[in-house]
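Under the heading domain 'G-protein coupled receptors family 1 profile', TrEMBL lists 41-289. The transmembrane segment feature in TrEMBL is assigned to 20-47, 59-82, 102-120, 140-162, 199-225, 237-260, 272-291.
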Amino acid sequence: MILGNFSGFSEFRLLGFSEISHLHSLLFVVLLSLYILTLMANTVIAFTINSDSTLHTPMYFFLTQLSCLDVCYLSVIIPTILETLMVGTVSISKTRCAMQMFFFLLFGVAECFLLAAMSLDRYFAICYPLHYTIIMSSRVCRSLVAGSYICGAAVALIHTLITFSSPLCGSAIDHFFCEIQPLLDLLCGNTFPRELQVIVVAVFAILSPFLLILYSYICIISTILHMASAESQQRAFSTCSSHLLVVALFYGTAGSVYLRPKYTYCASVDKFLSLSYSLVTPLLNPIIYSLRNKEVKEALKK
(Lines of atoms letter the chains of each structure in order from A and count residues from 1; the text may use other names and numbers.)
(Lines give C-alpha, C1' and ligand atoms only; values in the text may rest on other atoms or scores of the structure.)
Protein backbone atom coordinates (compact mmCIF):
# COMPACT_ATOMS: atom_id res chain seq x y z
CA MET A 1 0.00 0.00 0.00
CA ILE A 2 2.76 2.42 0.95
CA LEU A 3 4.74 1.78 -2.23
CA GLY A 4 1.61 2.19 -4.30
CA ASN A 5 0.70 5.60 -2.92
CA PHE A 6 3.90 7.62 -2.81
CA SER A 7 3.97 8.81 -6.44
CA GLY A 8 2.68 8.24 -9.93
CA PHE A 9 6.00 6.82 -11.10
CA SER A 10 6.28 3.09 -11.69
CA GLU A 11 10.08 3.10 -11.64
CA PHE A 12 13.17 5.24 -11.02
CA ARG A 13 16.18 5.96 -13.20
CA LEU A 14 19.59 5.60 -11.59
CA LEU A 15 21.94 8.04 -13.32
CA GLY A 16 25.04 6.41 -11.84
CA PHE A 17 28.32 7.98 -12.97
CA SER A 18 26.84 9.75 -15.98
CA GLU A 19 29.17 12.73 -15.52
CA ILE A 20 32.23 10.53 -16.19
CA SER A 21 30.82 8.20 -18.84
CA HIS A 22 34.21 8.03 -20.58
CA LEU A 23 35.62 6.23 -17.52
CA HIS A 24 32.88 3.61 -17.19
CA SER A 25 34.96 0.73 -18.56
CA LEU A 26 37.87 1.50 -16.25
CA LEU A 27 35.59 1.93 -13.23
CA PHE A 28 33.84 -1.34 -14.01
CA VAL A 29 37.12 -3.27 -13.98
CA VAL A 30 38.36 -1.51 -10.83
CA LEU A 31 35.14 -1.94 -8.85
CA LEU A 32 34.64 -5.55 -9.91
CA SER A 33 38.22 -6.35 -8.91
CA LEU A 34 37.82 -4.61 -5.55
CA TYR A 35 34.53 -6.43 -4.97
CA ILE A 36 36.08 -9.85 -5.65
CA LEU A 37 39.09 -8.97 -3.51
CA THR A 38 36.80 -7.82 -0.65
CA LEU A 39 34.78 -11.04 -0.80
CA MET A 40 37.97 -13.09 -0.73
CA ALA A 41 39.55 -11.11 2.14
CA ASN A 42 36.48 -11.28 4.37
CA THR A 43 35.90 -14.96 3.57
CA VAL A 44 39.51 -15.79 4.45
CA ILE A 45 39.23 -13.93 7.77
CA ALA A 46 35.97 -15.67 8.68
CA PHE A 47 37.30 -19.10 7.63
CA THR A 48 40.57 -18.58 9.51
CA ILE A 49 38.81 -17.62 12.74
CA ASN A 50 36.39 -20.53 12.54
CA SER A 51 39.20 -23.00 11.77
CA ASP A 52 41.58 -21.98 14.59
CA SER A 53 40.39 -22.91 18.08
CA THR A 54 42.69 -20.33 19.68
CA LEU A 55 40.61 -17.60 18.03
CA HIS A 56 37.28 -18.79 19.42
CA THR A 57 36.93 -15.79 21.72
CA PRO A 58 34.35 -12.97 21.85
CA MET A 59 36.62 -10.51 20.04
CA TYR A 60 37.09 -12.80 17.04
CA PHE A 61 33.45 -13.89 17.11
CA PHE A 62 32.52 -10.23 16.58
CA LEU A 63 35.16 -9.91 13.87
CA THR A 64 33.58 -12.83 12.00
CA GLN A 65 30.20 -11.12 12.23
CA LEU A 66 31.76 -7.89 10.97
CA SER A 67 33.11 -9.71 7.91
CA CYS A 68 29.69 -11.20 7.20
CA LEU A 69 28.02 -7.79 7.49
CA ASP A 70 30.57 -6.20 5.17
CA VAL A 71 29.94 -8.84 2.51
CA CYS A 72 26.15 -8.55 2.86
CA TYR A 73 25.76 -4.79 2.57
CA LEU A 74 28.38 -4.59 -0.16
CA SER A 75 26.50 -7.22 -2.17
CA VAL A 76 23.30 -5.18 -1.92
CA ILE A 77 24.63 -2.35 -4.07
CA ILE A 78 27.63 -3.58 -6.11
CA PRO A 79 25.52 -5.45 -8.72
CA THR A 80 23.54 -2.25 -9.37
CA ILE A 81 26.72 -0.16 -9.60
CA LEU A 82 28.24 -2.56 -12.11
CA GLU A 83 24.97 -2.52 -14.09
CA THR A 84 25.02 1.29 -14.33
CA LEU A 85 28.63 1.18 -15.49
CA MET A 86 27.78 -1.33 -18.23
CA VAL A 87 24.61 0.22 -19.64
CA GLY A 88 24.60 3.79 -18.30
CA THR A 89 21.25 4.90 -16.88
CA VAL A 90 19.44 1.98 -15.21
CA SER A 91 15.70 1.70 -14.64
CA ILE A 92 14.74 0.25 -11.27
CA SER A 93 11.26 -0.52 -9.97
CA LYS A 94 9.91 1.21 -6.87
CA THR A 95 9.78 -2.06 -4.99
CA ARG A 96 13.36 -2.98 -5.86
CA CYS A 97 14.51 0.52 -4.93
CA ALA A 98 12.78 0.35 -1.54
CA MET A 99 14.16 -3.13 -0.85
CA GLN A 100 17.66 -2.00 -1.79
CA MET A 101 17.48 0.96 0.58
CA PHE A 102 16.05 -1.21 3.36
CA PHE A 103 18.71 -3.91 3.24
CA PHE A 104 21.58 -1.47 2.74
CA LEU A 105 20.47 0.48 5.82
CA LEU A 106 19.82 -2.72 7.78
CA PHE A 107 23.36 -4.00 7.28
CA GLY A 108 24.97 -0.56 7.60
CA VAL A 109 23.22 0.33 10.86
CA ALA A 110 23.80 -3.18 12.21
CA GLU A 111 27.51 -2.59 11.64
CA CYS A 112 27.33 0.64 13.68
CA PHE A 113 25.91 -1.25 16.64
CA LEU A 114 28.24 -4.22 16.11
CA LEU A 115 31.24 -1.87 16.33
CA ALA A 116 29.77 -0.60 19.61
CA ALA A 117 29.47 -4.20 20.84
CA MET A 118 33.12 -4.76 19.92
CA SER A 119 34.11 -1.71 21.96
CA LEU A 120 32.21 -3.13 24.94
CA ASP A 121 34.12 -6.35 24.53
CA ARG A 122 37.45 -4.48 24.71
CA TYR A 123 36.16 -2.43 27.66
CA PHE A 124 35.36 -5.52 29.75
CA ALA A 125 38.56 -7.31 28.63
CA ILE A 126 40.80 -4.44 29.78
CA CYS A 127 38.86 -2.86 32.63
CA TYR A 128 37.45 -6.06 34.17
CA PRO A 129 39.84 -8.85 33.10
CA LEU A 130 39.00 -11.16 36.02
CA HIS A 131 35.28 -11.11 35.21
CA TYR A 132 35.65 -10.93 31.43
CA THR A 133 34.82 -14.55 30.59
CA ILE A 134 31.74 -14.43 32.81
CA ILE A 135 30.45 -11.10 31.48
CA MET A 136 31.13 -11.80 27.79
CA SER A 137 29.64 -15.28 27.66
CA SER A 138 28.64 -16.82 24.34
CA ARG A 139 25.00 -16.07 25.15
CA VAL A 140 25.76 -12.38 25.72
CA CYS A 141 27.79 -12.20 22.50
CA ARG A 142 24.98 -13.74 20.45
CA SER A 143 22.47 -11.39 22.08
CA LEU A 144 24.60 -8.35 21.19
CA VAL A 145 24.81 -9.48 17.56
CA ALA A 146 21.07 -10.16 17.44
CA GLY A 147 20.42 -6.73 18.97
CA SER A 148 22.57 -5.12 16.28
CA TYR A 149 20.46 -6.70 13.55
CA ILE A 150 17.20 -5.76 15.30
CA CYS A 151 18.30 -2.12 15.61
CA GLY A 152 19.39 -2.17 11.98
CA ALA A 153 16.05 -3.56 10.83
CA ALA A 154 14.09 -1.01 12.89
CA VAL A 155 16.07 1.97 11.58
CA ALA A 156 15.95 0.68 7.99
CA LEU A 157 12.19 0.21 8.17
CA ILE A 158 11.60 3.71 9.58
CA HIS A 159 13.88 5.35 7.00
CA THR A 160 12.30 3.44 4.13
CA LEU A 161 8.76 4.24 5.23
CA ILE A 162 9.58 7.93 5.73
CA THR A 163 11.17 8.21 2.30
CA PHE A 164 8.71 6.14 0.29
CA SER A 165 5.52 7.44 1.91
CA SER A 166 6.16 10.97 0.59
CA PRO A 167 5.01 12.34 -2.79
CA LEU A 168 7.87 12.56 -5.29
CA CYS A 169 8.17 15.08 -8.13
CA GLY A 170 10.78 13.26 -10.19
CA SER A 171 12.09 9.82 -11.05
CA ALA A 172 15.78 10.45 -11.85
CA ILE A 173 18.06 9.52 -8.91
CA ASP A 174 21.48 11.13 -9.25
CA HIS A 175 23.29 8.24 -7.61
CA PHE A 176 24.39 4.68 -8.33
CA PHE A 177 21.88 3.08 -5.92
CA CYS A 178 18.76 4.07 -3.97
CA GLU A 179 20.38 6.30 -1.35
CA ILE A 180 18.43 8.53 1.06
CA GLN A 181 19.86 11.95 0.18
CA PRO A 182 19.24 11.85 -3.61
CA LEU A 183 15.72 10.55 -2.96
CA LEU A 184 15.07 13.49 -0.63
CA ASP A 185 15.92 15.74 -3.58
CA LEU A 186 12.89 14.30 -5.37
CA LEU A 187 10.38 15.14 -2.62
CA CYS A 188 7.64 17.62 -3.46
CA GLY A 189 6.89 20.76 -1.45
CA ASN A 190 8.38 21.43 1.98
CA THR A 191 10.94 18.70 2.61
CA PHE A 192 12.18 19.98 5.98
CA PRO A 193 9.98 17.69 8.15
CA ARG A 194 11.15 14.63 6.23
CA GLU A 195 14.78 15.74 6.39
CA LEU A 196 14.44 16.29 10.14
CA GLN A 197 12.96 12.82 10.61
CA VAL A 198 15.82 11.29 8.64
CA ILE A 199 18.42 13.20 10.69
CA VAL A 200 16.77 12.20 13.99
CA VAL A 201 16.82 8.53 13.02
CA ALA A 202 20.41 8.88 11.77
CA VAL A 203 21.44 10.43 15.07
CA PHE A 204 20.10 7.37 16.89
CA ALA A 205 21.66 4.96 14.40
CA ILE A 206 25.09 6.61 14.16
CA LEU A 207 25.66 8.83 17.19
CA SER A 208 24.26 6.61 19.95
CA PRO A 209 26.61 3.65 19.23
CA PHE A 210 29.43 6.13 18.58
CA LEU A 211 28.92 7.72 22.01
CA LEU A 212 29.01 4.26 23.56
CA ILE A 213 32.27 3.57 21.74
CA LEU A 214 33.65 6.91 22.91
CA TYR A 215 32.72 6.23 26.54
CA SER A 216 34.21 2.73 26.37
CA TYR A 217 37.54 4.03 25.10
CA ILE A 218 37.68 6.84 27.65
CA CYS A 219 37.43 4.16 30.34
CA ILE A 220 39.89 1.91 28.50
CA ILE A 221 42.50 4.65 28.12
CA SER A 222 42.09 5.63 31.77
CA THR A 223 42.65 2.01 32.83
CA ILE A 224 45.66 1.57 30.54
CA LEU A 225 47.35 4.71 31.84
CA HIS A 226 47.12 3.31 35.38
CA MET A 227 48.83 0.03 34.44
CA ALA A 228 52.15 -0.57 36.16
CA SER A 229 54.38 -1.60 33.26
CA ALA A 230 54.89 -0.13 29.81
CA GLU A 231 54.70 -3.64 28.34
CA SER A 232 51.18 -4.13 29.75
CA GLN A 233 50.13 -0.76 28.37
CA GLN A 234 51.48 -1.56 24.92
CA ARG A 235 49.77 -4.97 24.88
CA ALA A 236 46.44 -3.42 25.89
CA PHE A 237 46.71 -0.68 23.27
CA SER A 238 47.55 -3.23 20.56
CA THR A 239 44.27 -5.11 21.18
CA CYS A 240 42.31 -1.89 20.56
CA SER A 241 44.21 -0.21 17.73
CA SER A 242 42.63 -2.24 14.90
CA HIS A 243 39.11 -1.59 16.17
CA LEU A 244 39.82 2.13 16.55
CA LEU A 245 41.04 2.37 12.95
CA VAL A 246 37.94 0.58 11.66
CA VAL A 247 35.65 2.83 13.74
CA ALA A 248 37.36 6.00 12.51
CA LEU A 249 37.14 4.87 8.89
CA PHE A 250 33.51 3.74 9.02
CA TYR A 251 32.03 6.52 11.17
CA GLY A 252 34.02 9.24 9.45
CA THR A 253 32.57 8.47 6.01
CA ALA A 254 29.07 7.37 7.11
CA GLY A 255 28.64 10.37 9.42
CA SER A 256 29.66 12.80 6.69
CA VAL A 257 26.86 11.42 4.49
CA TYR A 258 23.96 11.08 6.93
CA LEU A 259 24.59 13.69 9.64
CA ARG A 260 24.34 16.80 7.52
CA PRO A 261 21.47 18.93 6.20
CA LYS A 262 20.17 18.54 2.67
CA TYR A 263 21.38 21.95 1.44
CA THR A 264 25.01 20.80 1.82
CA TYR A 265 24.39 17.79 -0.41
CA CYS A 266 26.62 17.49 -3.48
CA ALA A 267 25.97 14.52 -5.75
CA SER A 268 29.57 13.93 -6.87
CA VAL A 269 30.96 14.21 -3.33
CA ASP A 270 28.22 12.00 -1.92
CA LYS A 271 28.93 9.30 -4.50
CA PHE A 272 32.59 9.32 -3.54
CA LEU A 273 31.77 9.11 0.20
CA SER A 274 29.25 6.34 -0.43
CA LEU A 275 31.87 4.34 -2.29
CA SER A 276 34.30 4.93 0.58
CA TYR A 277 32.16 3.42 3.32
CA SER A 278 30.41 0.83 1.15
CA LEU A 279 33.41 -0.54 -0.76
CA VAL A 280 36.72 0.69 0.62
CA THR A 281 35.85 0.12 4.29
CA PRO A 282 34.82 -3.56 3.86
CA LEU A 283 38.05 -4.15 1.94
CA LEU A 284 40.27 -2.48 4.54
CA ASN A 285 38.64 -4.04 7.60
CA PRO A 286 40.13 -7.55 7.18
CA ILE A 287 43.45 -6.06 6.07
CA ILE A 288 43.64 -3.84 9.16
CA TYR A 289 42.84 -6.73 11.49
CA SER A 290 45.22 -9.16 9.80
CA LEU A 291 48.15 -6.76 9.58
CA ARG A 292 47.82 -5.30 13.09
CA ASN A 293 46.86 -8.45 14.97
CA LYS A 294 49.55 -10.96 15.87
CA GLU A 295 47.11 -13.81 16.61
CA VAL A 296 45.34 -13.44 13.27
CA LYS A 297 48.65 -13.33 11.42
CA GLU A 298 49.78 -16.54 13.14
CA ALA A 299 46.47 -18.23 12.29
CA LEU A 300 46.78 -17.14 8.65
CA LYS A 301 50.29 -18.63 8.48
CA LYS A 302 48.91 -21.94 9.73
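Glycine is no exception: its Cβ is also placed from the backbone N, Cα and C atoms.
Where the annotation comes from TrEMBL, it is an automatic prediction and has not been curated.
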Cβ contacts under 8 Å made by the transmembrane segment (199-225) with residues that lie 6+ beyond its boundaries: 109, 112-113, 115-116, 119-120, 122-123, 126-127, 151, 155, 158-159, 162, 233, 236-237, 240, 244, 247, 251, 254-255, 258-259, 261
Mean predicted confidence [pLDDT] for the domain 'G-protein coupled receptors family 1 profile' (41-289): 84
